[in-house]
Amino acid sequence: METIVFSLLNGIIYGLLLFMLSSGLTLIFSMMGVLNFAHASFYMLGAYFAYTVMGATNYWVALILAPIIVGVVGMGVERWGLRRVHANGHVAELLFTFGLAYLIDEIVKIVWGRTSVNYQVPDALNFPLFTIYNAQYSAYRIFILFVAIFMLCALWYLLKKTRAGLIIQAALTHPHMVGHLGHNVPAIFMGVFGAGCALAGLAGVIGGNYFITDPAMAVQMGPIVFVVVVVGGLGSLEGAFVAAMLIGLLQTFAISINASFADIFGFLGLSPTSEFGSITIASMAPMLPFLLLVLILIVRPTGLMGDREV
Amino acid sequence: MTNFKRAALAATVSVLAMAGSVSADTVKFAFIDPLSGPMGSSGDAGFTSFKLAAEHINAAGGVNGDQIEVVGYDNKVSPKESLVQLQKAIDSGARYILQGNGSSVAAAIIDAVNKHNARNPGEEVVYFNYAAVTPAFTNEACSFWHFRFDAHADMKMNAITDWIKSRDDIKKVYLIGQDYVFGEAVAAAALEQLSEKRPDIEIVGNELHPLAKVKDFTPYIQKIISSGADAVITGNWGSDMTLLVKAAADSGLKIPFLTFYGGSLGAVAALGEGSIGTLYQVTEGITNLEASDDQYALIEEYKDRFPDYDYYYHRAFVTMNMFDMAAEKAGSNDPIAVAKALEGLTYDGAYGTVTMRAEDHQAQQPLYISTVSKDVKYGVDNIDLGWALVDNGTIPATAAEAPTTCKMERPE
């Protein structure tokens, strides 16, 4: 029972953090039709900006300011980089974001050093909130949960219930029509790109001090975010949400399962000492998202809720 | 005519270049370890220690009159990348290789060095291993070209299990480690030695997690909590160490963590005062032991020069000083001569005598078990907490010593 409760809590938090990252990516994909390889780099920038801002002021200022700075950087990238490259087609855009990821990586190493920075959870949130089954649950984890849910609701409201969201959605699917109606489509795209980056930045602000803030965080987070977006269906926000939760829960549940293949397939004569039989489910946890990716691509190439082929 | 001039020029240049390499008065050391990425801080702390040690030797007149140069090669903890870097290092004239982070990398380097030396007589390279502690490297897989200056996993585990023997309140132990050859070696050593020294202890968990990939250890910590363990033994290093104890602190898990590398950068800072009496490490020396004024000056100089790190890689200084001694003794900087002179060499280090056992090239030295304390001379991670020796924490070299199965082939 306690295993289930813990795995549920941890899985939901990890899933929400993944969603925060992938929602921006999937928004940008709907717009450009191309995956933004540098997306995880904006996540990293969020953490580093927050670290710097927190050093000068405090965490709460950083929580607001850092995502905004990341968003502004993102808008700049769109305005002076991607928009020019766009004329040369999708491959050029893809290569541009690919190069940008490396560029940001190197810049971060030059500015903040090659090793991790001491970006700490603020004291006001650094206490155990409650204790279940002898394990304390830190207030910061619950804070992550609330920030993510707040962001989720805000995003949903903005896109589905406001006029601005209506225009954005229209511009994503029918840019020419929206342009003819008198809206400034390039400005909308710039805004969407900036907002997507800001979301990644926000994930960095709340994830960076919970995990670790170092120049490798983008590279480590990159693949899993792509898995979420592809499994969920490219360009589908609902899909990204379902996929992020699925992967978050899958990974945390797998870690808590001690059974090995021999325990499961023992009836087939698999011995617990054999190479294959001794593999435990827990040790396979990091592989599961990628297994899911392969399976989804075979069974349902559009992803769980997407409407276009990868 | 122009052609002739060009040929003459080329000939002159190449002769000059050859003359340059013959009369080289630097001994090149290649430091092959992660210098970026999640394990970058571990590598960089080692690199800075070796550089400082080399500077001290150079300032004192060098090795047989030659200057030491330590060049860093970033291997990203990948065995494949390490071999590329190793070749690059050898091509640029390095005859001594320094590496420590990751036994998977060390195994690849030992193999590559063995092959290189067999194929290129007269251009041998020697590998000084300062931290890869899988026991096999000085047992069944031992090599004349490999010297290990760190105590290996069985020796460190010996120290830990000896200490557990004196703690009757520990009845359930949880093993967690990184999923590669080193993590497996640690778990195997713990299982074997605990069943021998404390057969009443129950091993309530034996877990391996992927190396440098886990971001959130909370699920693992919650498994440890529900197992009811009284102590955790781990060989984790780098960010895996820091994140593990960070997750433990957040979950309020207050049991002893017996570690090889609790001194990893940031682990103490992550735990804060919660690390007192919960975080233990076994090392070849800690800054807060009684030592000579020279040693204190060295510790302070290191901190002054590299404020991001603490004086942690004492063995880096031991390695370089023993190299210096061996080369002076051999009267040559040639790798074979140095390697032969290193065998059986005894060095009076700051924290006890270090002997390079000739049989298997495993350094024998006293080990110290320490835990975090407030009342210390030198703090770590730029806070006022630091490592202090625990009761019965000194393990003399003779007690830490482990037998070897090494059958070494030596060049004549």
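Cβ coordinates are placed from backbone N, Cα and C, and glycine is handled just like the others.
Per TrEMBL, these features apply:
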TRANSMEM  A:12-39  transmembrane segment
TRANSMEM  A:59-82  transmembrane segment
TRANSMEM  A:139-159  transmembrane segment
TRANSMEM  A:187-212  transmembrane segment
TRANSMEM  A:224-246  transmembrane segment
TRANSMEM  A:276-299  transmembrane segment
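When each of the listed stretches A:12-39, A:59-82, A:139-159, A:224-246, A:276-299 is scored by C-beta pairs under 8 angstroms to the transmembrane segment (A:187-212), A:59-82 comes out highest.
Most Cβ pairs under 8 A with the transmembrane segment (A:224-246) among the ranges A:12-39, A:59-82, A:139-159, A:276-299 are made by A:12-39. Counting same-chain residues at least six beyond the ends of the transmembrane segment (A:276-299), those with a Cβ under 8 angstroms from any Cβ of the stretch are 223-224, 227-228, 230-231, 246-247, 250-252, 254-262, 265-266, 270, 310.
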